[in-house]
């Protein structure tokens, strides 16, 4: 029973970290209608930017997350405006494939400057808390708080700001949005900055949890993609729900299968959801 | 007096195929309701889209309140004062009624707060449903919302593409009443309608469009009683 509860807690903690880039992935899909595998590169860029801010400039975790958001957003805008947007007329599949290339390029730029070594954030070592027999790291709780704060900020942006609402309007009905005077190119740029920024912030959260290297983003890409599909591509609450569900499913799976099969859970989840609930857990998939 | 809208000699279509509009013209004077009727495929909706800037025109010109907007895209024409209410998908389905209205005032965020109050006063139904998702509204309610969203743009000219399509006779009647109501408040309206006779009865003037060109034109009620028109649209 305790093992089960521990797995659920671990899953929620891990899922909350995946939720941040998954929301970014789904936000880009909602507006630009292509799955951006470049999100993996943005995750790694953000992770390294946050790491540099932390270890070289002495920034604490919350500030490092902000720096990572800015770095991810900048990388995203650069790649989108410089390359991906030009391929839009060729269709979503072409852009999706190009985004894989963008990921490889970003990954290797990081490798060129930082090498392949694992790097850890400069954090005080903190003891695990034991609550009712469940082990939780204090840093993990902080990461959860940061992840919740980031996702809450995204929701506030989408619900209460002019451009956040405009983004939802474009996701819902781009033609009508244009009639209301909303410039789709501008909203697309905002969506990419937001999505890639979230990926970057997620990179730091993942790095705080373990360590980072140029493959940090690539390693979580499948989980991020699975979480977004699980939640119904383009649905932001769905991506959060999908990430938490996937996190728990991965941890529960570890109770019965060896750890090497962990990533397989993502594939199985995609398969199941596309077969039985193609509009996602919350039934909110963008049409 | 400057016309609220002038569209002259419009030639337009979708892609390389034959043009659907072959030189159609309409004008709307301040304070008028003008209805365009015509058989299916005559280019009525195409004409509205060309006026709204959703469709590139090959020839012709469009002027709003005396200002030439031919070179402007849909956003520029919205800024110039045109509010176009499409026939379908004319609300943001997954946004609430209140959000649909506020986002429609995107171009003028300051002015839209006062506009919103006026709209809730004019349409208490919308005020009562401000938190409901637009997709949960009935067909008639949705159409009222779509029109109210047009009003949020603080337009000088309203374009309605088949506003009563798919509505029950009763809802259609209510919608026409709402159009008259708006027009009495001073807003010129250009609409395309399947319910030709009913629409012409409430219109100051009407145009009959046939095969992309103007055919007959005249006072609305007179066209509504014209035996030729009735034969064309009512089959008797």
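Glycine residues also receive a Cβ, built from the backbone N, Cα and C atoms like all the rest.
Whatever TrEMBL says is automated annotation, not expert-curated.
Listed ranges A:121-140, A:141-160; the one TrEMBL annotates as transmembrane segment is A:141-160. Among residues of the same chain six or more beyond the transmembrane segment (A:63-84), those with a C-beta under 8 A of the stretch's C-beta atoms are 24, 34, 36, 38, 41-43, 45-54, 95, 98-99, 102, 106, 121, 146, 150, 188-189, 192-201, 203-205, 208. Most Cβ pairs under 8 Å with the transmembrane segment (A:141-160) belong to A:12-32, among the candidate stretches A:12-32, A:39-57, A:91-114, A:187-208, A:220-245. Residues 11-12, 15-16, 18-19, 21-23, 25-27, 29-30, 35, 37, 39-40, 43, 103, 151, 154-155, 158, 171, 202, 206, 263, 266-267, 269-270, 273-274, 279-286 of the same chain lie 6+ residues outside the transmembrane segment (A:220-245) yet bring a C-beta within less than 8 angstroms of a C-beta in it. Sequence-distant neighbours of the transmembrane segment (A:252-276) (same chain, 6+ residues past either end, Cβ-Cβ under 8 Å): 3-4, 7-8, 11, 222-223, 225-226, 229-230, 245-246. Put simply, of A:12-32, A:91-114, A:187-208, the stretch with the most CB pairs closer than 8 A to the transmembrane segment (A:39-57) is A:187-208.
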